[in-house]
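Student: Okay, here's the structure, questions in a sec.
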There are 2 protein chains.
Amino acid sequence: MIEETKEKDEVQFDEQHLRQLLENHETDNFREEFLALHPYDQAQFYEKVEPDIRQIIYQYLSPKEMADIFEAIELDDDEYKGILEEMDTTYAAQMLAAMYTDDAVDVLNELDKDQISHFLKIMDKDSAQEIKELLYYEEYTAGSIMTTEYVAIPENSTVRSAMTILRNAAPDAETIYYLFVVDDSNHLTGVVSLRDLIIAEEDTLIRQIMNDRVVSVSVTDDQEAVAQIMKDYNFLAVPVINSKNEMLGIITVDDIIDVIDEEASDDYSKLAGVSDMVTFDKSPFAAAKKRLPWLVVLLFLGMLTANLVDLFTGTLEKVAVLAAFIPLIGGTSGNSGTQALAVAVRGIATGDVEDESKMKLLLREAITGIITGVVCGVIAFGIVFFWKHMWLLGALVGAAICCSIFVATIAGSFIPLLMHRLKIDPAVASGPFITTLNDITSILIYLGIATMFISKLM
Amino acid sequence: MIEETKEKDEVQFDEQHLRQLLENHETDNFREEFLALHPYDQAQFYEKVEPDIRQIIYQYLSPKEMADIFEAIELDDDEYKGILEEMDTTYAAQMLAAMYTDDAVDVLNELDKDQISHFLKIMDKDSAQEIKELLYYEEYTAGSIMTTEYVAIPENSTVRSAMTILRNAAPDAETIYYLFVVDDSNHLTGVVSLRDLIIAEEDTLIRQIMNDRVVSVSVTDDQEAVAQIMKDYNFLAVPVINSKNEMLGIITVDDIIDVIDEEASDDYSKLAGVSDMVTFDKSPFAAAKKRLPWLVVLLFLGMLTANLVDLFTGTLEKVAVLAAFIPLIGGTSGNSGTQALAVAVRGIATGDVEDESKMKLLLREAITGIITGVVCGVIAFGIVFFWKHMWLLGALVGAAICCSIFVATIAGSFIPLLMHRLKIDPAVASGPFITTLNDITSILIYLGIATMFISKLM
């Protein structure tokens, strides 16, 4: 459904006007207009202007106001460093401290170790402590995307006192729409939605209206597992606990959307054989750098194919027409292998693979391979027979296509399953890799059979 | 990041126990335990049990309770019909009326026209009217995924009266975390978050605390454009308006997550050359049916390649070793074409392509093609030279690889851009299609050059 994509963003702000206010040093007017914008639009403006204009912005906005922009900003990973170096160090540290902890950690993760510890030293102790705790979690785990700004209430509070806690927490908490109920030792015991809270009587005890079957995730869970749970349950936020059931933080739906997006791009990139993400690079050198690793690896693998065909030079010299069908057979087997691979990789990604036995899956793919192989083989036989009027050549091409689709389909599903079992990311066995592998086997099958019947073909 | 996917869902309910309660007709115990579950878990249980058990469930649960399950259910599109036919018609109609309108419409869209109008006739008039309005919107538009259960408040209400409206709406509204401010003619004039509302003084006028720069989407917008806006602004819901700025409904973040998921799978399927979605099919026949259309189309295209190679039989008979490099050159050009294709398709999908001129993009891809082509060409020359000790053969293979990578890279980005311009879904020019096309051009380049230098090669 890509054909109709978003039109150019409706402009929500007047870039030229804002620029003028900055250049004319009209502080108050700039602040009034700029701060009325949604942080995303503020970030859009900030990303567009030149470094000298940004310097004026730093003078006019407080670190807290700058923090709102930084939470909405979308920079490439390697651009954060330069931007932070533009700012006064103390200003930058105050800004980081004012950001939601998870977002601050995302920014800090792009810096050198020295820079991180320098920033942590000069910011206030509480923020530094919170950031340090999150920095410690491994990438792609629940811990690495959670935030610590949530609203916790004691079990024995009333609805009235919970509302008071909520009002105080509202300016800082990342979401106030779920309240997490904890006991004296910070164990998670329940959850109350703000929806339930506002329709409850003021004197009701939280314990009476809370839901005590809380769905939570462990801090070491993979972010993709968290995404699955939030998708299934339609949560806006999910609590993160440690092995002792102590509440550590929450993960909000906006971060999960980013995870879903990232994971999908990641699978897509690997199927396309691009190292790193498929993105729009600003320079052709950056683009070439991402694409060359795969191309070169596949070039070497392709040399194996060449070597293999070379072994059959004797056969090809005798019946040169055989060469005509090499690309066809390799291509068809590559295509069916990629199809099987895509199904297996997505099945592993969505967890569908877990729901049934691997053997059953492979058996099903084998039957699929036989069906598609026979259909394509018969069609190929027909075309070659009518074109060349050589039934043996037709039978040979048809049989080779049938066999190689069968082998390619099994390989396309077996290899990712094997890699999954071995705890290797199955998407690494990307499209081009499987295709090259299937090239080799299909040519072996084709020229092998041809050599056996060479006397009849001449 | 697929390697560690979700573990088998932690069991949140005791399936055997619930089954027993149903079989022993312990109505009250079943209701107590079952209704304490999250609707997602209720749906999981409902999907697992057999038709005769489901009949008992219909007796024990009200249509409203069944509606909660149906909002959380995940069936294949063609399964809804059978399930609804299992139910008493009046019960089913009441259930559909009790569902959020957008979810009810999703279910109804899977039925025949006769069935739809029958259900609409027997349900209460208000629900039928709301459903009719949504049924009218085209698939993949904002209108088709919006819901009409939102909270609207008049501009001149106070915070206190808004809270009263909210409390009354809370049980039915799909989200109560944004309140949409409308004037007397239902024009959208502002938005207030519940967060702002609960920290405001009770006598404040809504007009004073509302945000009047509302970001909204048009009812005819593509769902992908809506997803982009919600991702950018981190909204939990976005209002949908018509061309007269009248408020029609809202789209909530949970529906947007489904859109993002769907669109990503769709692009992925097309890159893999599988018609319809890449999904786990239960039967190999269903799987073969999805894969065969592409395989057969590509088989015919592959015959063109065979035809082309066949034209060069004379050349190949003289220097059979040339055949050895056909798969290598075709493969390399196919790989670089798929890479360029993936970048362009994703760029179009995310809207990045709109931000710059198409010419600039093509120019950049051309330079990328030259860089990757030259690097791969030189490496190929080196390998062939050291292996075969024939510098001319090496130069030929190197030059052919260089040229065909260049052509493939340009074709890989030009074709999707052209299709986008022609309003055709560019993802249709899927991986295998581009690969086959590049196969043909690369072989033409390779065997063309070889034929030119045939006397030197012999």
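Just so you know, the numbers here start at 1 and follow the chain as drawn.
Placed from the backbone N, Cα and C atoms, the Cβ positions cover glycine too.
What you are looking at is a predicted structure, and each value in this text was computed from that prediction instead of being measured.
Residues or ranges marked as domain 'CBS' in TrEMBL: A:146-209, A:210-268. If you look up TrEMBL, you'll see A:292-313, A:366-387, A:393-419, A:431-454 marked as transmembrane segment.
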Student: When DSSP states are grouped into helix, strand and coil, how many residues of the domain 'CBS' (A:210-268) land in each?
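Tutor: In the domain 'CBS' (A:210-268), the DSSP-based counts are 27 helix, 16 strand, 16 coil.
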Student: Let me spell it out: take the transmembrane segment (A:292-313), skip the flanking residues so only those 6+ beyond its ends count, and list any with a Cβ under 8 Å from a Cβ in it.
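Tutor: Same-chain residues near the transmembrane segment (A:292-313) but 6 or more away: 273-275, 326, 330, 430, 432-433, 436-437, 439-440, 443-444, 447, 450-451.
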Student: By DSSP, what is the split of the domain 'CBS' (A:146-209) into helix, strand and coil residues?
Tutor: 21 helix, 18 strand, 25 coil
Student: Compute the average pLDDT of the predicted model within the domain 'CBS' (A:146-209).
Tutor: 90
